[in-house]
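J.: Please see the structure below; I have some questions.
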Amino acid sequence: FQSEPIRVLVTGAAGQIAYSLLLSIAKGDVFGKDQPIILLLLDITPMLPVLEGVVMELQDCSLPLLRDIVPTDKEEVAFKDLDVAILVGSMPRKEGMERKDLLKANVNIFKSQGAALDKYAKKTVKVLVVGNPANTNCLIAAKSAPSIPKENFSCLTRLDHNRARSQVAIRCSVPATQVTNVIIWGNHSSTQYPDVHHCKVNMSGSELACFDAVKDDAWLKGDFIATVQQRGAAVIKARKLSSAMSAAKAICDHMRDIWVGTPEGEFTSMGIYSTGNSYAVPEDLIYSFPVQIKDKTWKIVEGLAINDFSRSKMDATAAELIEERDTAVAFLGV
């Protein structure tokens, strides 16, 4: 028995991340092996010929779950009756561009897409913002869609979460699946705080606290954090292109966890609306927290002890997010 198809939008659909992402979605890796899909692919008008090539390739994959593919440059087509929106497309930072120039360009894109979600999508739509600056773009989209609950919006910090998990796993010579409950706090930027104070590592059958497994506190409080914070820049330096394969994998992980829930006793990281949190993170931000997900609903993991080292790092990334938000809101005049 197959259910009704769900409508899944990917923006920036002719770009590199989408090219690594669309096959995984279309073949059932994200929403399940018996969930038919209608893919809506949005990009800017000059990219439509490229998008046509992507459509041909998806057709040529001959996928049983893919019911329809709709390439478009029109928001009213792309956002109609959506179940899921994955907002990858954003204005990339060009040489010589200040962060605030980037913010200004993106504020307008995400204001427009938030309004389109509000007007055309289902009120139950799950929205994942990937395009950078992701946290602030997500906040602007959420504010521009007042009829959709704020908790339906999240931004991608799963890539950072996966990076942190993997660095610990490599250090301990175990598979990444043996490392659980790392946390990314704050902004998807170089101020993010990868926190392993609650992380567990399974070493030959017994579960150890991360600090006991790694046995190198200086590394965990220094180079480990810097490596995760700077990983995106390191990939660009090496590949001359930004992380696409790993970003696409993280998007799949994030959406699958929303759809089917997180494993028992484990938590993941995602950028979510901060209002009402118990970790003294300022209100009205999209901030990355540890969460558990059940029935397509996230809950912040409560009661984790926060030491002074963690507190100062959590506050620093919050300060950056407040500044970004205030700059973005000033551009919008809202």
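The count begins at 1 with the first shown residue.
In case you wondered, yes, glycine gets a Cβ from its N, Cα and C as well.
Automated prediction, rather than curation, is the source of TrEMBL annotations.
Because the structure is a prediction, the values reported are computed rather than measured.
Below, the features straight out of TrEMBL:
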| type | residues | note |
| --- | --- | --- |
| DOMAIN | 7-153 | domain 'Lactate/malate dehydrogenase N-terminal' |
| BINDING | Asp43, Asn106, Val130, Gly131, Asn132 | NAD(+) binding site |
| BINDING | Arg93, Arg99, Asn132, Arg163 | substrate binding site |
| DOMAIN | 157-331 | domain 'Lactate/malate dehydrogenase C-terminal' |
| ACT_SITE | His188 | active site, proton acceptor |
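How about a rundown of where these features are and what they're close to?
T.: DSSP states for the domain 'Lactate/malate dehydrogenase N-terminal' (7-153), grouped as helix (H, G, I), strand (E, B) and coil, give 66 helix, 27 strand, 54 coil.
Around the Cβ of Val130 (NAD(+) binding site), 28 further Cβ atoms fall within 10 Å across all displayed protein chains.
Looking at the domain 'Lactate/malate dehydrogenase C-terminal' (157-331) alone, the prediction's average pLDDT is 97.
Under 8 Å, Cβ to Cβ, and six or more positions away along its own chain, His188 (active site, proton acceptor) finds Asn132, Pro133, Ala134, Asn135, Cys155, Leu156, Thr157, Leu159, Asp160, Gly271, Ser288.
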J.: Can you give me the Cα-Cα distance between Gly131 (NAD(+) binding site) and Arg99 (substrate binding site) in Å, rounded to a whole number?
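T.: Between the alpha carbons of Gly131 (NAD(+) binding site) and Arg99 (substrate binding site) there are 14 Å.
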J.: Would you say which of the binding-site residues Arg93, Arg99, Arg163 has the most Cβ atoms within 10 Å of its own Cβ?
T.: Arg163
J.: Would you count the other C-beta atoms found within 10 angstroms of the C-beta of Gly131 (NAD(+) binding site) for me?
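T.: There are 25 such Cβ atoms around Gly131 (NAD(+) binding site).
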J.: C-alpha of Asn106 (NAD(+) binding site) to C-alpha of Arg163 (substrate binding site): distance in Å?
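T.: About 26 Å separates the two Cα atoms.
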J.: Given a separation of at least six residues and a C-beta threshold under 8 Å, show me what packs close to Asp43 (NAD(+) binding site) in the same chain.
T.: Thr11, Gly12, Ala13, Ala14, Gly15, Val50, Leu51, Pro71, Asp73, Gly89
